[in-house]
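Taken from Swiss-Prot as is:
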type: ACT_SITE; residues: ARG171; note: active site
type: ACT_SITE; residues: SER221; note: active site, proton donor
type: ACT_SITE; residues: GLU291; note: active site
type: DOMAIN; residues: 27-192; note: domain 'FAD-binding PCMH-type'
Amino acid sequence: MIKTIQKELEGLDIRFDEPLKKYTYTKVGGPADYLAFPRNRLELSRIVKFANSQNIPWMVLGNASNIIVRDGGIRGFVIMFDKLSTVTVNGYVIEAEAGANLIETTRIARYHSLTGFEFACGIPGSVGGAVFMNAGAYGGEIAHILLSAQVLTPQGELKTIEARNMQFGYRHSVIQESGDIVISAKFALKPGDHLMITQEMDRLTYLRELKQPLEYPSCGSVFKRPPGHFAGQLISEAHLKGQRIGGVEVSQKHAGFMVNIAEGSAQDYENLIEHVINTVESTSGVHLEPEVRIIGESLL
């Protein structure tokens, strides 16, 4: 199959049996059979249509910030959008390709004195992943500012989804069920005062640095906020701060995070997540639901 791929997708950036831990925020993850970096939408469409024609599974990994890739890796094509990252500003509308860094996109908004994106100034990951998850923080979320998203269907066709049809909810969008892949997104912002925007972004950045364990690899916030509770508080009350399995630990700085402190594995993450869920449920009666996505094959 490698020779067929090299022939049919000649000139494209495709890497074979590539370890994904080189690209994930957690620094864990086994190999992808075929890791592709399309430079434009035409290349992306070629990859998807080729994979479909050969019955090869494919998926988009995004910036891999809120994902745990299992140690056995991922079969088929894994597509990363690092090279699809253009951001343009037209009046009060920002259009960003899916691979654009979300934090950098908020800085572009600030440069143009556009307000509405400040909440995301510390959220790691890509624009595509943010739309997929309806990313949010400090009272704001993508649903509040999205105009529309251009997506690639599982059949390799392009279409546009208006914000009103995204079925946004807490860390949810319709894309999670449809199988569509975000290619780009348009955001409607408002004119604002550059100094006030800067001060708000500085304030939120300070809070993030104060509360979150940014010094270690992690997948960000591990659990969704349970109704009427805070996941981190429940985990702390269960005396799980500092709990460690293998090389992965419940952060002592913020119990809602798990950090890779000693070359941990994806299995360490999974085991610790399961332990935290079970312990919190037994101590508080609250069942925690993971916010992080766990994908790929286990080595076990």
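Every residue, even glycine, has its Cβ placed from backbone N, Cα and C.
The C-beta environment of GLU291 (active site), restricted to residues of the same chain at least 6 apart in sequence and closer than 8 Å, consists of ASN66, MET133, ARG171, GLY220, SER221, VAL222, PHE223, LYS224.
For SER221 (active site, proton donor), the number of other Cβ atoms no farther than 10 Å from its own Cβ, over all displayed protein chains, is 21. Across the domain 'FAD-binding PCMH-type' (27-192), the prediction's mean pLDDT works out to 94.
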